[in-house]
Amino acid sequence: MAGGGRALLWSLLLILSYALIEAVAGWRADSMALLGDAGHMLTDGVALGLAALAARLGQRPPSPRHSFGLGRVEVLAAVFNVLLMLGIVSAIGVEAVRRLLYPEAVDGPVVIGVAAFGFLLNLAIALLLMKEAHSFNQRAALLHVLGDLLGSLAAIVAGVVIVSTGWDPIDPILSLFIGALILFSSLRLLRETIHVLLEGTPRGVQLEAVGKAMAAVPGVESVHDLHIWAIASDRLALSAHLQLRELALWPDILSREQELLAEHFGIAHVTLQPELDQHPLRRWAEAPTDLLRRPDA
């Protein structure tokens, strides 16, 4: 497995080990903040596990059954991860509200000790993932761990407040804050997942800018039926029709277009169709982003 996959696996083992410790400590200390943060870390552990599995499966070459490979496994993993997160948020919210209505004593010193250890552990995991945070899976995992840092910090604050003032409601209040963090990351991940499934233009890619750059290659009159989508979050694909001045120029144009798309836009999977003529009625029917002419045309 590549370095990024190993980083995910090591992070997974550390997070699951700590989530177990935190859950036991939260149960013994009767701390919703610790239990909530343990639930958050459990979802992150599942997310890291799915990310590691998706990274491994995504490296498999295309086959007759899966002609694009298995890069979309990470999208399915994201859907499962979102559903799991939403379930955890619901459970945390219900229990936190119950604790606000019927307060229970919390062992502040235990909360502080366990949460402080968790903060240091999450910091170490974040530094580990930062070195390999190149793909979608790894960046998403890093965002989860950074959220855990805030969760551990919230638990520390709850413990300090309880020890200093004896005000136990701070614990469920901060557990609701942790739940809000999980909800925010879940909805963001859900939006990204739906965007990929709907074959949307990948984030950070400007369709019109790509089309204009392609139309500027010598020998190309215009570009239309331009589509860019993500096979996986770190594997982009493009298809387009190119109207040419001369068909004899096609081999050189194809080479230039492939080099342009790979080097300037990070698009390696390219399918281009050359054309010598285009019906004028069809030109007027195309949307502006579907027909991109050379700047000097």
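Cβ coordinates are placed from backbone N, Cα and C, and glycine is handled just like the others.
TrEMBL does not curate its annotations; it predicts them automatically.
Annotated domain 'Cation efflux protein transmembrane' per TrEMBL: 9-198, in sequence order. For 202-275, the entry in TrEMBL reads domain 'Cation efflux protein cytoplasmic'. Annotated transmembrane segment per TrEMBL: 33-54, 75-97, 109-129, 141-167, 173-190, in sequence order.
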Hey, which bits of the same chain come close to the transmembrane segment (109-129), Cβ under 8 Å, at least six residues off its ends? 7-8, 10-11, 14-15, 18, 21-22, 25-26, 28-29, 31, 33-34, 37, 41, 138, 141-142, 145-146, 148-149, 151-153, 155-156, 158-160, 162-163, 171
From the DSSP assignment alone, can you count helix, strand and coil residues within the domain 'Cation efflux protein cytoplasmic' (202-275)? 28 helix, 32 strand, 14 coil
